[in-house]
Ligand SMILES: *Cc1c(COP(=O)(O)O)cnc(C)c1O
């Protein structure tokens, strides 16, 4: 059995996946799969996701090959779909949780608490007490008040000091304005932790989500090195953990980001015995694994312009356009109006607007998008919709994002 098949077997037996229907996809089987689901949905044409577990296996393989020394802690906030969490757990990933509910959902899969980093630098007291009660003993901090809180409610917790990455200007969603100690705050914070008798075991940072400058990792790893040095100047026990956060995308940029990380680790941490390097990838594992299918529920023709209404939008999965500054795209699946050629290859296209279902005009998903002539009941399929989509959708106007179902499949790259 090849390593892909072995990993796939592991994933099919994973919590969150086991017992669910998982469909094998041939190389061009995606359209057929959508077709088979759509055919079964003649009456209720609700939107749905397809999670490709084969893609998750490939991504883990890619991670392990490119960053062999960096242990991934998947950032649950990016997409908490249980089948994704279970698959990642089975493939050996650990988890970054930011709240009580996220910790609960990971523990519910049977993952042990020492595979969780509670990577929220500012935690509610009740959530922190919960973490203490279940044995989640690794967290981040970037303020004195957090030191006091941790001393009171979870003094056994081991800490990573979160520092502000020196350059997050290339990120789609910079995190620097909210989190991370400034260089001049590092020593006083370490002293505060020392005075509170808390164990600070390392450094964490995040160069911003959807990072485009791979060099940002180098600057941040260099900054982390100076924190390690500051800690030893204070006579603290030797730091052992470097957490390089998220920011990774799975496309062609990943190779570049991985070499930036590897060469910076070589340069700044060349012979650090016992150093554990971890990361908190979210987007990397979630984005390309999910495809969203939405149904066309309305249409209006205004001259050459075509306007369509679909049953998911800005208040649902497509909130990523607002919050994640995402650019999304879609392909037609015209199973009602063009059965012979549902993907409409070669068909004439029109400038089209795609609206979401709520009564707010802001709920506009695409404008000026070229689409063939489609009819009510046809479908629009959005690829790469796994990162920061359903996770942040609402129930506005009675359209419930959390009710969108997920169908499981696996593609075979071989
Ligand atoms: C959001 C977040 C992540 C995940 O970031 P990606 O860019 O999706 O990889 C990781 N760590 C922390 C602390 C976060 O807040």
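Just so you know, glycine gets a Cβ as well, placed from its N, Cα and C.
Cβ environment of residue 359 (active site, proton donor): 397 lie under 8 Å away, each six or more residues apart in the same chain. According to TrEMBL, the feature active site, proton donor maps to 359.
Mean pLDDT across the domain 'Orn/DAP/Arg decarboxylase 2 C-terminal' (48-386) comes to 96 in this model. Positions annotated as domain 'Orn/DAP/Arg decarboxylase 2 C-terminal' by TrEMBL: 48-386.
The domain 'Orn/DAP/Arg decarboxylase 2 N-terminal' annotation in TrEMBL covers 54-286.
Other Cβ atoms within 10 Å of the Cβ of residue 77 (N6-(pyridoxal phosphate)lysine), summed over all protein chains shown, number 20. The annotation N6-(pyridoxal phosphate)lysine is assigned in TrEMBL to 77.
Secondary structure at residue 359 (active site, proton donor), as computed by DSSP, is coil.
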